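> What TrEMBL shows for this protein is this:
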- His70: active site, proton acceptor (ACT_SITE)
- Thr195, Asp243, Asp251: Ca(2+) 2 binding site (BINDING)
- Cys39-Cys116: disulfide bond (DISULFID)
- Cys72-Cys77: disulfide bond (DISULFID)
- Cys122-Cys325: disulfide bond (DISULFID)
- Cys201-Cys231: disulfide bond (DISULFID)
- 29-329: domain 'Plant heme peroxidase family profile' (DOMAIN)
Amino acid sequence: MKNSHCSRLLLVCSVLVLCIVTGGARCDKLSSNFYDWTCPGVYNIVQQHVFSAMREELRMGASLLRLHFHDCFVNGCDGSILLDGADGEKFALPNQNSVRGYEVIDAIKADLENMCPGVVSCADVVALAAGYGVLFSGGPYYNVLLGRRDGLKANQSGADNSLPSPFEPISSIVKKFADVGLDTKDVVVLSGAHTIGRARCVLFSDRLASTKSSANPTLDATMAANLQKLCTGGDGNQTTALDVSSADVFDKQYYHNLLSKKGLLTSDQGLFSADEDVVASTTKALVQTYRDDGEQFFSDFGASMVKMGSIPLPGASAGEIRCNCRVPNPK
């Protein structure tokens with residue numbers, strides 16, 4: 001009954017959004033007031049759910065931020081990472097046993113469907129939840145632009161190949177960012193999201209000592225020894241804080257860590273310790289800037305999040321407003 005109710009209202013609300021939001025202006029561009037007429041309570045609902053989830057587990061703020069990032073880098077920010085199915089993006093190698101927060105998105109969407117059925121896209125829910133995750137972790141408030149539509153299918157191969165890997169050199173990561181319209185500055189700024197959250201041993205154990213090699217020279221020796229104790233004998237799923245100094249607080253400490261060889265992932269430390277070239281000199285200078293100026297970091301982080309959230313969808317697919325974020329609407 002609920003799905004049929006959503007389906008009946010979907011056409012009405014889609015026409016309403018297309019024709020009258022912002023006084024008849026074109027709605028294919030994102031805006032901060034997209035739901036002001038059609039679902040003004042969206043902000044309160046998302047805020048309440050994110051706050052509640054973080055009260056139970058502070059780490060959830062970082063998880064929701066990462067969910068948005070991993071959604072946007074594959075087919076644009078279209079909520080395709082939420083789709084179930086064996087061929088879904090959530091089962092791609094970079095996302096398996098890693099990306100979290102799906103249940104929080106489900107709970108938000110359920111409340112929104114009760115309040116304003118068929119109006120708010122799952123992609124916008126993810127974007128808003130990420131914004132509140134940053135804010136409630138002590139990070140900056142930034143205007144989350146809205147008006148996205150949900151993709152009709154997932155792209156698992158795209159997730160496997162397009163998402164930046166923690167094992168890649170910075171030059172490769174810069175290339176993947178450039179492929180979606182982001183630049184080297186965005187790489188350094190958005191990497192600062194690792195000031196919150198955790199990572200599994202499997203993602204950094206290559207930097208630790210083994211029977212054949214010593215720990216990576218760009219990793220602080222004491223930190224390396226502690227990580228070795230954590231990961232030895234495990235299955236690779238043990239976790240540790242990405243920011244060893246302030247694990248759950250969104251601040252500039254991440255950049256301080258890089259200057260002290262305390263970046264956890266290869267892709268983190270590489271921003272400061274990579275071999276000198278044009279890219280490395282640029283990232284190193286930005287790391288030093290954000291270490292010294294937390295306000296600049298916050299300002300630039302918000303700008304880069306808006307930029308990432310506006311990555312265009314490929315092709316001319318109109319998408320839809322999913323009633324259930326895990327499955328496309330029935331035809």
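Positions of Cβ are set from backbone N, Cα and C atoms, glycine also.
Caution: TrEMBL annotation is automatic and unverified by curators.
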> Given the binding-site residues Thr195, Asp243, Asp251, find the one whose Cα is closest in space to the Cα of Cys72 (disulfide bond).
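Spatially nearest to Cys72 (disulfide bond) by Cα position is Thr195.
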> Fewest other C-beta atoms within 10 angstroms of its own C-beta: which of the disulfide-bonded residues Cys72, Cys77, Cys122, Cys201 fits that?
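Counting other Cβ atoms within 10 Å of each of the disulfide-bonded residues Cys72, Cys77, Cys122, Cys201, the minimum falls on Cys201.
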> Quick one: which residues besides Thr195, Asp243, Asp251 have a Cβ within 8 Å of the Ca(2+) 2 site's Cβ centroid, in sequence order?
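Filtered neighbour residues, in order: Gly192, His194, Ile196, Ser245, Ser246, Ala247, Val249, Phe250, Lys252, Gln253, Tyr254.
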> Which has the fewest other CB atoms in a 10 Å radius around its CB: Cys39, Cys116, the listed disulfide-bonded residues?
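Cys116, out of the disulfide-bonded residues Cys39, Cys116, has the fewest neighbouring Cβ atoms within 10 Å.
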> Using a Cβ cut-off under 8 Å and a sequence separation of 6 or more, which residues in the same chain sit near Asp251 (Ca(2+) 2 binding site)?
Gly138, Gly139, Thr195, Gly294
> Could you check the disulfide-bonded residues Cys231, Cys325 and say which one's CB has the fewest neighbouring CB atoms inside 10 Å?
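If we count Cβ atoms within 10 Å for the disulfide-bonded residues Cys231, Cys325, the smallest count is at Cys231.
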> Which one is it, among the recorded positions His70, Cys77, Cys116, Cys122, Asp243, that lies nearest to Cys201 (disulfide bond) by Cα separation?
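Minimum Cα distance from Cys201 (disulfide bond) across His70, Cys77, Cys116, Cys122, Asp243 lands on Asp243.
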> Between Cys116 (disulfide bond) and Cys122 (disulfide bond), how many Å separate their Cα atoms?
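With distance taken Cα to Cα, Cys122 (disulfide bond) is 13 Å from Cys116 (disulfide bond).
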> From the Cα of Cys77 (disulfide bond) across to the Cα of Cys122 (disulfide bond), what is the distance in angstrom?
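Cα to Cα, Cys122 (disulfide bond) and Cys77 (disulfide bond) are separated by 10 Å.
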> Where does the mean pLDDT land for the domain 'Plant heme peroxidase family profile' (29-329)?
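Averaging the confidence scores along the domain 'Plant heme peroxidase family profile' (29-329) gives 94.
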> Given the recorded positions Cys77, Cys231, Asp243, Cys325, which lie close to His70 (active site, proton acceptor), meaning Cα to Cα within 10 A?
Cys77
> Roughly how many angstrom lie between the C-alpha atoms of Cys39 (disulfide bond) and Cys325 (disulfide bond)?
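Cys39 (disulfide bond) to Cys325 (disulfide bond), Cα-Cα distance: 18 Å.
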> Once the chains shown are all counted, how many other Cβ atoms turn up within 10 Å of the Cβ of Thr195 (Ca(2+) 2 binding site)?
29
